[in-house]
Amino acid sequence: PAVFLLTGIPGLEKVQSWLTIPLCTMYVVAVMGNCTILLIVHADPSLHQPMYYFLSMLALSDLGLSVSTMPTMLSIFLLKSREVNVNACIAQLYFIHTFSLMESAVLLAMAFDRFVAIQQPLRYTSILTDSTVLRIGLAFAARSVFMVMPTPILLRRLQFCLPNILSHSFCLHQDVMKLSCSDRRINSILGLFVVVSTMGLDSVLIVLSYILIIGTVLGIASRDERLKALNTCVSHICAVLIFYIPMIGISMIHRFGKHASPLVHVLMADVYVLVPPVMNPIVYSVKTKQIRQRILLRFHRQR
């Protein structure tokens, strides 16, 4: 087939037009929130520190994820158009998976940042210099781009047969791969390898970082200092949970939930791509004092 057919929300077709309101609201919040983070960090020299550089990278990843899913999501809910060209679908899944891997990598970098800040506070600025942060960002961006690059190439080698109906409102590798009527073992093995060697490894290293952080914090004599040190990690912990819980859920459902309701598949995928870009700027704006103060000050000046 020259096109695939996307799926809205099964069972809610009659009220699908009303769902456009919360959907558009979420996209507006995601774009405005992450752009605000980027502008605040860029405009305030006092925020030109490793922690806020990594936060900017997280905001860029979230923006990329939102923009990647927006065209097909709004096409279904606003224009009632389910068709997507095969090449456009493959391009979309490439960008979705690339920005997802990038977000995972940035969360790992932020965990390393918190570990250095708590373990070696006096050497923090000498270890995480601007050039070091830039190299880390470029390395993780290159990893994301090149790890996903074989995916569209291998998908183009597959033959797709009818029915050509995808399970979601956007294209994902696992979903497109299931429509193939040719041998897709290489695609499946590659997909599993990419997930394990990137997100799987990142999650293990993040957990290891927090084990070391907790060990360091427990060695601090003052209770107030222990709470202060842990409080600097709250925003990052929230971002990790917001990203990894839906990601693990959708991976488990795709591989082991073949008999699960289509509604479960759709909702898990929508949470995976929509919730992190919306919630991350909110969490960091609320929990990070410096960001919150700069945002309030900027709004006060505009008024």
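Note: Cβ is positioned from N, Cα and C throughout, glycine not excepted.
Per TrEMBL, these features apply:
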type     : residues : note
DOMAIN   : 33-284   : domain 'G-protein coupled receptors family 1 profile'
TRANSMEM : 20-41    : transmembrane segment
TRANSMEM : 53-79    : transmembrane segment
TRANSMEM : 91-112   : transmembrane segment
TRANSMEM : 133-155  : transmembrane segment
TRANSMEM : 189-221  : transmembrane segment
TRANSMEM : 233-257  : transmembrane segment
TRANSMEM : 263-284  : transmembrane segment
Looking only at the recorded stretches 91-112, 189-221, 233-257, which one has the largest tally of CB-CB distances under 8 Å to the transmembrane segment (133-155)?
91-112
Most CB pairs under 8 Å with the transmembrane segment (20-41): which of 53-79, 233-257, 263-284?
53-79
Tertiary contacts of the transmembrane segment (189-221) (same chain, 6+ residues out, Cβ under 8 Å):
97, 100-101, 104-105, 107-108, 111-112, 114-115, 118-119, 143-144, 147-148, 150-151, 154, 173-174, 177, 229-230, 233, 237, 240, 244, 247, 251
